[in-house]
Amino acid sequence: MAHENGINGDTDSETVELNPLRRTRFHVNRVDSVEGRTSLLGEQETKKSLRHMTREALPRLDNYRNIMSIQAAHRPSLDELHNPTLLNKRSGSHTLPITDVKLPVSGIKFGWIQGVLMRCLLNIWGVMLFLRLSWVVAHTGIGQSILLILTTTVVTTITSLSMSAISTNGLIKGGGTYYMISRSLGPEFGGSIGLIFSLANAVACSMYVVGFCESMVGCLKSYELCIVDCASTDIRIIGLTEISSKNIDLSGNSVVMFAFSLIGCVTIVFLLLIVMVGLEWEAKAQIGLLVILLAAIVDFMIGTFIGPKNDEERAKGFIGYNADLFMDNLHSDYRYSEGVKHDFFSVLAIFFPAATGILAGANISGDLKDPQSAIPKGTLLAILLTTLSYILMAIMVGGSVMRDASGDINDLRTTVNNSYVVQSFLDVRNDTSEENVTIVGNWNETIWSVYGTKFNCTSGCNYGTHNSFQVIELVSAFGPFIYAGCFAATLSSALASLVSAPKVFQALCLDNLYPGIGWFSGDKDKEPIRGYFLTFIIAVGFILIGELNAIAPLISNFFLAAYTLINFSTFHASLARPIGWRPTFKYYNMWLSLAGAVLCVSVMFLISWWTALITLFVVLALYLVVSYRKPDVNWGSTTQAQSYNNALTAIQQLDRVEEHVKNYKPQLLVLTGPPSARVSLVDFAHHITKNQSLFICGHIIETSISYKTRNNMIAKCTSWFRANKIKAFYSVVDGANFQDGTTSLLQAAGLGKMKPNILLMGYKQDWACCSRENLNMYFNIMHKALDMHIAVALLRIQEGLDSSGVITEVEEQKRFVPTVIPANQSFSQLSQASSTSDISIPGSPAPKRSKVVNEYPNPLANEQQRENRQNITPIAKEIFNAVTKFQKKQKKGTIDVWWLYDDGGLTLLLPYIISTRRNWSNSKLRVFALANKHSELEYEQRNMASLLSKFRIDYSALKVIPDISKPAQSSTKNFFDSLIAHFQQCDNTKDSDDGIIRESELIAMKEKTNRHLRLRELLLENSMEANLIVMTLPMPRKGAVSAPLYMAWLESLTRDMPPFLLVRGNHTSVLTFYS
């Protein structure tokens, strides 16, 4: 033994070497041989040195924990392993300083027996077991009562199977049912059902307290004691006050009753104090209550076999087991009760809360050692045990207690004398002397056990299963045990509900799904003290109702709604089949879960259709509130997974749909850079797509950027889109010049048939002064797009599109906060900027519009802001108007469409789409077209009018231009010559230079140049007051026209004009006049 433990001096060296092994997770007590020790030590040395040989992390549980967990470990990032040069460039750490980390407070954790099984048993064996089971048997009979119990069992079993699947699909935290539904179906469903479920538990707490009070009233009546009326008034008082004196009769004394109400809510306050002490004491109380409850059930069963102990019990309807009585009670006997004509489903509504205890264990999931194992085992076993006990007790009640009895021994004797005595037992039937009555009494037990199936009540039947809720106490071997069991059942259920409601509500508050409820959450790792008090207040309000049968249906629909969503969650997860759906509990079926959900909804409406409608309306209203607030949560719900499945399926189906001109959609790739840098361009594109077609904002960055920078840019741009209510995508290409990056976007952007068919760019206003390389790249992009049969559109506004220099100031202005801008920032500087150049520093996207919350606020920020406001200069109004040009409603005017050449109709379609938008509703279309000859003017005009009519395009005016070939004025020619002077070929210019305009080119393009100059004159004459001009883009013929000459044409058309859109379709029809 000494050798094995390293105590012997001869083994000191081995002891030193083996010590590291004792610090590992697997403790080695014995090594059989030196060779085995050597091999093990060599392996250990390898493991020990591995961390010094590589930065790679081995698979560990802590690597997969939530990043906010105190136990979370951080594996090396891909950049750290793949690109070590980035290690010294990291801008900061994701982790908070150690001093800022709060260690979680670890509370008591329960196993599956104490945490789930016992709680479920105590909740299911609740008030209904002792106070309403006999009443249920009276109405439904033994046969239908078993069917009713099995109906609730089917609902709860299916729900438990679904709940078990959800609870074993990952770690379950605090919040129970709410946590499972919210993380499965998303915050909308989770938030609505969480609030309802919290309320249902609070109301259930009041129901159990009322049940306790009802049994207390019955106990007082058995000792001939009353407070006021031995009925609902007493229930209210006991619910609000604990009576300790048995000899006080306060009948009719409303003043004293009111005083009792004011003294304190002793019963529920007592429960509240137990909960406030802590769950450990609450769990100990539950154990004691369960023991009492089990003893009471055994007491009842023994009592049924013992039979009635005296004539008084027989007079109250308890006659012991009897075959005739069993057959009489086998069938239903629905009657009016409390003004309601009962049927199977109305009785089910009252009894169903007995089945709601299945969630008692799940509701404290955060306090369980192993929720994944405990919830399925404990819940399903509890359902099995309670179902068997309910069925057995229903049979026992039906076989031994009559439906109606008066409780009067005289009625008992009268009944025996007049109706139920066999002739051989009474020699003198008509003799009613005291002696014969005594003889009858002596033979009572025998006679009643054979013939006593009905009771002839002469003064009203106040006993029997139909009329008394204290039947279980009557039948028991020792009555006080039943009262103790009833008190234990009701108080334990109330205790569980008092714990469940605040726990679920605390989880809901911590997620901050609804405004104004966060205050009730308290600290995350502490008890929800405020939630306990809120539950207490709600429970007291419902205790004042004082009627158990009135409260029970109120919560049945709430619990059924929760069960519906639990079942639907499992079905939806199985249907969506996300990769993360891997429950370890395998005994579930998606179609069974769906059937369970349908069954729950059906039972809701069968119980009470109007209550079901109210419940569904409340769920829908709460759902819409969360949907409207759009909480910033990402829980990986099946709704998110289904969104992906729906999108993928839709795109795959779209690929199988043949394109048709009637279904044409303009799908835009817009070269914006960061969207916030070219707000006007984004707004204009948004008017075309308007959330109804594809809109991609492309950004090309010449230098390479890191993965983290790329993700930050995408996140900021997506947030900017959301803040500005624009449905668009952002795509960034890095490590490529403008031409190559745009080519990549044209080739790869989109998916299937959801890909761009129009390339929209800003007009390059600095074409005359930029480098020849940049000019040629801009020109070549148009060639590339047309080569790919993608339409090209260029937008120009005179103020310029690039607003990156002032976007932050403009956003501040829009929030009515004046800010400082550089004194030299002006209108002209905006117009000189290129609309297609890279405007951001690599890795530093432009700021978004939405308000940014500083994670580590500066306490001096407000003081600094006040100081800055003293020296502010308002943003130039012209700059503000330029940036927001297309966000405002346009003045009354026209959209002038210069449909010069037939490009498939895109030049006409785009302005028509824009004219249908609200901001352009005051702008009417004016169409301008060309005529071949002056003599054909009238014919061309009729032809164009007919075409527009067939296309169903509304227009206010149509003008055909007959003299487009007329020579331009000399002033216009001089203007054009000044544009191209810098690019014309000189004597020392090389012939291979593609950034010049050769004389031969000017001669070859003389007529075309003249047409463009003539168009400028017509534009100046007709369209200077238009809100927007749309014109067919001149065709940039490959090898025929150079970039400078082509840009000079465009400059001639667009300079000093209103907002100008040049469009060239891909010459495929986008308009049709066929139906």
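The backbone N, Cα and C atoms fix where each Cβ goes, glycine too.
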>> Checking feature assignment: transmembrane segment per TrEMBL, candidates 344-366, 712-734. Which range matches?
In response: 344-366
> Which stretch, 112-135, 192-213, 285-306, 531-552, 558-579, tops the Cβ pairs under 8 Å count with the transmembrane segment (147-172)?
Replying inline: 558-579
> Given the transmembrane segment (112-135), which of the listed stretches 285-306, 378-397, 558-579 has the most Cβ pairs that are under 8 Å apart from it?
Replying inline: 378-397
> Ranking 192-213, 344-366, 378-397, 558-579, 591-624 by Cβ pairs under 8 Å to the transmembrane segment (285-306), which is first?
Replying inline: 378-397
> With the transmembrane segment (378-397) as the reference, which stretch in 192-213, 344-366, 531-552, 558-579, 591-624 has the largest tally of C-beta pairs below 8 Å?
Replying inline: 344-366
>> Considering every residue in the domain 'SLC12A transporter C-terminal' (678-1075), what is the mean pLDDT value?
In response: 81
> Looking only at residues six or more beyond either end of the transmembrane segment (558-579), which have a C-beta under 8 A from one in the stretch?
Replying inline: 155-156, 158-159, 161-163, 165-166, 169, 177, 180-181, 184-185, 189, 193, 196-197, 199-200, 203, 352-353, 356, 359, 588, 590-591, 593-594, 596-597, 600-601, 603-604, 607, 615-616, 619, 636, 638-639, 641-642, 645
